[in-house]
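Listed in Swiss-Prot for this protein:
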type: MOD_RES; residues: Lys5; note: N6,N6,N6-trimethyllysine
type: MOD_RES; residues: Gln6; note: 5-glutamyl dopamine
type: MOD_RES; residues: Lys10; note: N6-lactoyllysine
type: MOD_RES; residues: Lys15; note: N6-glutaryllysine
type: MOD_RES; residues: Ser29; note: phosphoserine
type: MOD_RES; residues: Ser32; note: phosphoserine
type: MOD_RES; residues: Tyr41; note: phosphotyrosine
type: MOD_RES; residues: Lys56; note: N6-(beta-hydroxybutyryl)lysine
type: MOD_RES; residues: Lys56; note: N6-glutaryllysine
type: MOD_RES; residues: Ser57; note: phosphoserine
type: MOD_RES; residues: Ser86; note: phosphoserine
type: MOD_RES; residues: Thr107; note: phosphothreonine
type: REGION; residues: 1-41; note: region 'Disordered'
Amino acid sequence: MARTKQTARKSTGGKAPRKQLATKAARKSTPSTCGVKPHRYRPGTVALREIRRYQKSTELLIRKLPFQRLVREIAQDFNTDLRFQSAAVGALQEASEAYLVGLLEDTNLCAIHAKRVTIMPKDIQLARRIRGERA
């Protein structure tokens, strides 16, 4: 009889069926205290969904008031009695978020170049160095 080559197949079934008697007896003797586990997505699924959602949207991602407080705190180092128009703070926030998004895109490319999917501080440093922002 000639030998035939075995090919790998995806399994369709799960575990083998258990005996019914043991499970029925166990169910009757102990009250069911544990509930059904809540549904959980696989790692990375929610992250990808968030990435797609934020790439579609155009709204600002940093909250306005915390950003405004940060701007005022930084400006106090230079001049104590500065006032800001709301449009000026809005323009600063737009520019800041655009800069951060671009930097994180370049950082992600640096991580991918290093055959990683996790960004690290050294990726940000490399991206800034290539851009010429930091020597």
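In case you wondered, yes, glycine gets a Cβ from its N, Cα and C as well.
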Cβ neighbours within the same chain of Thr107 (phosphothreonine) - under 8 Å, at least six residues apart: Ile119, Asp123, Ile124, Ala127
Neighbours of Lys5 (N6,N6,N6-trimethyllysine) among the modified residues Tyr41, Lys56, Ser57, Ser86 (Cα to Cα, within 10 Å): none
CB contacts for Lys5 (N6,N6,N6-trimethyllysine) [other CB atoms within 10 A, all chains]: 4
All-chain count of other Cβ atoms within 10 Å of Gln6 (5-glutamyl dopamine): 6
Collapsed DSSP category at Thr107 (phosphothreonine): helix
C-alpha spacing of Ser86 (phosphoserine) relative to Ser57 (phosphoserine), in angstrom: 22
Neighbour-count leader, CB within 10 A, modified residues: Tyr41, Lys56: Tyr41
Nonlocal neighbours by CB distance (under 8 Å) for Ser86 (phosphoserine), same chain, sequence gap 6 or more: none
C-alpha spacing of Lys56 (N6-(beta-hydroxybutyryl)lysine) relative to Gln6 (5-glutamyl dopamine), in angstrom: 47
Spatial separation of Tyr41 (phosphotyrosine) from Lys56 (N6-(beta-hydroxybutyryl)lysine) - C-alpha basis, Å: 22
